[in-house]
Structure formats: C-alpha cells, structure tokens
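> Dumping the structure here so I can ask a few things about it.
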Amino acid sequence: MTTGGHGTDGVERRGLMFVLSSPSGAGKTTLSRLLIERMPGLKMSVSATTRAMRPGEVNGKDYTFVDKTTFDAMVKADELLEWATVFDNSYGTPRGPVDAALSAGQDVLFDIDWQGTQQLKQKARADVVSVFILPPSAADLEKRLHSRAQDSDEVIRKRMSRASDEMSHWAEYDYIVINHDVDEAFAEVQSILKAERLKRERRIGLVGFVRSLQAQLQG
Ligand SMILES: Nc1ncnc2c1ncn2[C@@H]1O[C@H](COP(=O)(O)OP(=O)(O)OP(=O)(O)O)[C@@H](O)[C@H]1O
Ligand SMILES: Nc1nc2c(ncn2[C@@H]2O[C@H](COP(=O)(O)O)[C@@H](O)[C@H]2O)c(=O)[nH]1
C-alpha cells in the first residue's frame, strides 16, 4: 500500500498509518493536534462526516462536512478507505489524501473508531500502528465531555452510555495509553511513533545501507 520516504537518518522507509481511538472525550483530538504540531513527517487524515459542525470547527480542517447523499455517493464510488456509523452519524476516511501522503513518504495520523481501525487493519495490517487511549476514570471522562462545552447534555449522555462499548475493543490495539495528564500521554504516544518509525521491516533502505557499510569495511 505504501511506497517509500526517507527517515531523518536518510534511510528509505515505508510510511505508516498511526491510529488513535478511544471513547469520546478521552483525548484523541488533543493528542492528535500535539502530534501534528510537534512531529515532522506526520499528516492528519481529515475525515468526511455527516455530523453537524461544532462551534469553532473548520470545514476541511477538522472534518469535511457533507450531507448523507454526498457521503453515500462517496461510499458508492469507493472513495473511502474505511467508513462507519458512529453515534448515528456517518464518518469515513477519504482515500486520495492518504494515498498521496504515503506515496510522498509521509506518515498519516487517523482519529477514528474501532470499526474503522479494523477495516484499515484488514487492508494493510503491516502498515497500521494502533493506539487506544483510555481515560483515568469514568468521572474524568464525563468531566472532559462537559468541559469541552461543545455538545448538548443529551449528546453527552449518549456518548457516555456508548463509552463502555467502545472501550470493549481495547485489546484489539497494539498500544494502550492512559490519559491522566496531557503532557505525559503525549510523551508516550510520541515514543510509540518514534519507535515504530525505526522498525526494521519498515526501513526498506536498510539492506542497501548495510551493504554499502560492508563494502566500505571490506574495501
Ligand atoms: N489529560 C487531560 N486532562 C484534562 N482534560 C483533558 C485531558 N485530555 C483532554 N482533555 C480535555 O478533554 C476534552 C475532550 O478531549 P478531546 O476533544 O481531545 O477528546 P476526543 O477523544 O477527541 O473526543 P471525541 O471522540 O468526542 O472527538 C477537551 O476539552 C480536552 O481539552
Ligand atoms: N471509523 C471512523 N470513525 C471516525 C472517523 N472520524 C471520526 N471518527 C470517530 O467518530 C467518533 C466521534 O467523533 P466526533 O468528532 O463526532 O466527536 C470518534 O470516536 C472518532 O474517532 C472516520 O473517518 N472513520
């Protein structure tokens, strides 16, 4: 699925798909923004959704907001790499920008639910690194949903009642991070990405690099 880009050490590497999932409000968006700000070579996948725009959200940046007819047409035209119904709305990952970023040697960051993660893994298991973010407690999760101040009480109730279901998929993920403190959780997620970038299997330029080292040593 992916071609190669170059790591900071100049060795060619396959791009990876870095997935964050969690129950609503555990902190995926917060951690994603920090990752994009601080990790060069990482591009955010902007999902399409039929959900209404929240105050402060920007069309094309936070999501591409579309109506249901447009979303269904995207599914039919096979324009989505994965898609799912979450909290009664449709969400999906446009395929084009992901393919373009991976082909340009970038890694791609996804903020998607467990259904989307399963679909990505079915398509490209070796290139997917998945992280599940847990809140420190149910009370903290509820407090965070309220403190975000962007959803009605009814929407928050619905998201809290679905949190346990979403959380039941934690064991399908490669890594688990408990988001007590944003800085600590960010440091953990950043370490995972840095280590995964160094995995031997992804570093397709290593064979050539080692051969050239050996030639120098023999030479
Ligand atoms: N470690 C933390 N401590 C306190 N507040 C936090 C922490 N992490 C995130 N928050 C706050 O919790 C709220 C929810 O966070 P965020 O929007 O990142 O969650 P999310 O997982 O992306 O939710 P959703 O799935 O609904 O998009 C935000 O107001 C955010 O600032
Ligand atoms: N399978 C997918 N899930 C997605 C996608 N984009 C977002 N999401 C998930 O939906 C919920 C709700 O998000 P919100 O912005 O309305 O709070 C959350 O779990 C997201 O991770 C997607 O493209 N595919």
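Glycine too: its Cβ is placed from the backbone N, Cα and C atoms.
No curator has checked TrEMBL annotations; they are predicted automatically.
What TrEMBL shows for this protein is this:
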DOMAIN    15-194  domain 'Guanylate kinase-like'
BINDING   Ser22, Pro23, Ser24, Gly25, Ala26, Gly27, Lys28, Thr29  ATP binding site
> Can you give me the average pLDDT across the domain 'Guanylate kinase-like' (15-194), rounded to a whole number?
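It averages 95.
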> Just the binding-site residues from Ser24, Gly25, Ala26, Gly27, Thr29 whose C-beta lies under 6 Å from any atom of ligand 2, please, or none if there are none.
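Result: Ser24.
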> What is the number of other Cβ atoms found within 10 Å of the Cβ of Ser24 (ATP binding site)?
22
> Enter the number of other CB atoms within 10 angstroms of the CB of Lys28 (ATP binding site).
24
> If you count other Cβ atoms within 10 Å of each one's Cβ, which of the binding-site residues Ser22, Thr29 has the most?
Ser22
> Around the Cβ of Pro23 (ATP binding site), how many other Cβ atoms lie within 10 Å? Please give the count over every shown protein chain.
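Other Cβ atoms found within 10 Å: 25.
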> Test of understanding: give the count of other CB atoms lying within 10 angstroms of the CB of Gly27 (ATP binding site).
24
